[in-house]
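Report on the structure given below.
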Amino acid sequence: MEQTYQYAWIIPFLPLPVPMLIGLGLLLFPTATKSLRRMWAFQSVLLLSIVMIFSMNLSIHQINSSSVYQYVWSWIINNDFSLEFGYLIDPLTSIMSILITTVGILVLIYRFWFTRPVAAKACQKAFVTNRVGDFGLLLGILGFYWITGSFEFRDLFQIFNNLISNNEVNFLFVTLCAVLLFAGAIAKSAQFPLHVWLPDAMEGPTPISALIHAATMVAAGIFLVARLMPLFIVIPHIMNFISLIGIITVFLGATLALAQKDIKRGLAYSTMSQLGYMMLALGMGSYRSALFHLITHAYSKALLIGICYSFNGNSCWILSKKKSEYGAYGGLTKHVPITKISFLLGTLSLCGIPPLACFWSKDEILNDSWLYSPIFAIIAWSTAGLTAFYMCRIYLLTFEGHLNGATTKKFRELRRKLRAHIGHGLRTEWNSMRSNLPLFLSSSVVERSAVNRLVVGSNPT
């Protein structure tokens, strides 16, 4: 078991050489690298598959042993200063490693649409917005290092708790550093007011959107707050501030989702609202329910956004210039019945319908909210109703009813053209057979005998 923990460093580092080699190859040998793109994709998927299996094995060991393992490398600069880096294995990192590797491997092989101007602008917006949060995060890290003299989580928590108990810190400065740390989580998890990048990030390919919304970007902020919970919980008012940001984001995301016509942007604001639930739970101190909802929401949202990608392969979606405006559609059930059932299951889960996954996690958050603040509980419960409304709206306008307006005309035109092509093909085939049939029947005695057996069912006399 100790040996398994010692090799946990392969989780982040094993898949790393392939993208580095691809980037280097694109700089030095662009033509050859592009021609070998399928080989690179296979290697990337293979390495991440190995990492996924190792993550599952590591998590099983961690669950069975219920232990916390930390491994640190030291780089000694001189006798007075050294740099240390390493990794920590505990229940939180075990959960995140499984979540990221399982969802990430499903969407790894798709690339980003960097040539689309709209997607490029969305990328810049996401980059700039997150740099604002990263700036605050860096200042907060430096502030706590100045207070405690350590970057290591366990040492930092222990030293800081001792300073708090002895009243040896400036609470105003500590609160400011904690808010700066939380600013990084606000940007990563698209919380108010740094939420503006998330809907625009849907301009990329749908599999990448699924990766962003389910496993990577938005989970980073929740993970950061969960990891720093022992630090935040002893600082006055910071937990109240976290829960306040969470409840504002819950309601704001749901109301913005109500006004969307684009299915992907609607799901983006839905993600923002559900992340608000997780942040609210963390602010209330409900660590377990926040991580539970993170997992259930990740797989439900990956299902819904992945189904949006399947729309691009259907003629009913390709016919429209606005491929993801669900208001222009309806009646897709008879064209994509399996997709409809899958989307319905994801919708019911996100709405919190038992016995689906999100019911259990969201219900636990709502139950804890009554114990924390009745006002927050009323807002959270009301927003749960809004979630059910806008998700059912997306489902009904997309799959139920009849095909609308221009789409119906396009389908009729498509059917007319298909019938014309089929009729022309059948006439051509019949004319060819009619002209060649006498030659075929008179070609030889053997062939005439074979035809007679097929037609009459007996040998000729």
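Placed from the backbone N, Cα and C atoms, the Cβ positions cover glycine too.
TrEMBL lists 103-386 with the feature domain 'NADH:quinone oxidoreductase/Mrp antiporter transmembrane'. According to TrEMBL, the transmembrane segment annotation covers 6-28, 40-60, 92-114, 135-151, 171-190, 211-235, 241-259, 266-287, 299-320, 341-360, 372-392.
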Could you tell me what the rest of the chain brings near the transmembrane segment (171-190), counting residues at least six beyond its ends with Cβ under 8 Å?
129-130, 132-137, 139-141, 143-144, 147, 197-198, 217-222, 224-225, 228, 231-232, 235-238, 241-242, 245, 249, 271-272, 275, 278-279
Chain residues outside the transmembrane segment (266-287) and at least six past its termini with a C-beta under 8 angstroms from it:
185, 189-192, 195, 198-199, 201-202, 209, 213, 218, 221-222, 225-226, 229, 233, 239-254, 256-257, 260, 293-294, 297, 301, 304-305, 308, 326, 350, 362, 364-365, 368-369, 371-372, 376, 380, 383, 387, 390-391, 394
Same-chain residue ranges lying at least 6 outside the transmembrane segment (6-28) that approach it to Cβ under 8 Å:
34, 40, 43-44, 47-48, 50-51, 54-55, 58, 69, 71, 87, 89, 97, 101
Using a Cβ cut-off of under 8 Å, list the residues of the same chain at least 6 residues beyond the transmembrane segment (241-259) that approach it.
179, 182, 186, 190-192, 195, 225, 232, 266, 269-284, 372-373, 376, 379-380, 382-383, 386-387, 389-390, 393
